[in-house]
Amino acid sequence: MAKLAVLTVLLALFGSVSCQSSYGGSPTPTPNTPPPSIPSPPSSPPAATGLRVGYYNDKCPGAEAIVRDAVRVADAGVKAGLIRLFFHDCFVRGCDASVLLKPTDGNPQPEMLGIPNLTLRGFEVIDAAKSALESRCPGIVSCADIVAFAARDASYYLFSTTSSGGIVDFKMPAGRYDGTASLASETLPNLPPPFATAQRLKDMFAAKGLDAVDMVALSGAHSVGRAHCSSFSDRLVAPSSTSSSNDTASAMDPAFAAKLKGECASSSSSTNTVAQDYRTPDALDNQYYVNVLSRKALFGSDAALLGSDDTARLVHAAAASQWMWQVKFAEAMVKMGGVEVKTAADGEIRKTCGFVNMP
């Protein structure tokens, strides 16, 4: 009865759940399957207008498998980068592959040169998949869809490395067109900074049609990849005696801060990186939420999740149930993939992902 009570609380915190299978397994991840008292999730969440699962089945058979093969051979760091690439793409001008556009004489400062995007990774995976797809189906598969598929596939492979043996396994609707504009100046106003407060995070996600549940679930991507020391160096200093109670409560664990300070110390510390999750650095799992609760997460924006009652409850719920978190993560990835998608009316299918098509 006690376990059932806990699960009931988790369901109430996270709301309804939905997840789907795309790799041939059951809709519910294993072995972290819910007990019989929890209803099985619906077969699919609502897709954004114009997007649908299996979009390329008749247009370019095997398209998703080609992307999956390109992602599979990438190392864990690049796989983590592909999830971040998707996020950074969707939060600026929507999921339109605008983050992939390279500098040109006509546009010397595209998104990829914006300060938050200078450390993005995974471009070579997208280019490899696009090249293979153009050979098979010229002018059919958008770069925006490749980015979305690659993030889904990276999630699958990174989660499958967890000790639980479970998987993040979901279908990604497609049908996005590629954008033709990209401005570095739009990155800072749209991408949440590492020092954001809980309210700022909620406001920035809400501007993209994503709620607090989506925001907390997607924050779990901080369980993989590496972070530059310069992005959290301010948190390595212990709060002063005059600091507010809020600053003290959100401060990093002193012993952990000292450890990171040693790892980051060098003559060029601004280029140093550390694992975002010190416990399971290459596994996409709910360890991140345990780290947040123990004050061993890197960014101020991570600690800020405990600064608001609603997000703090969601952190506790995600830390308590890996199954619940992975379902909500999958649902949030699909939802984010529907942000401001382009259509044939305002987009194109690029021949190469780094440049818009010539007139």
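The backbone N, Cα and C atoms fix where each Cβ goes, and this holds for glycine too.
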From the list CYS143, CYS264, TrEMBL names as the disulphide partner of CYS229 the residue CYS264
Could you state the CA-to-CA distance between CYS137 (disulfide bond) and CYS143 (disulfide bond) to the nearest Å? 13
Candidates CYS90, CYS95, HIS222 (recorded positions); nearest Cα to CYS353 (disulfide bond) turns out to be CYS95
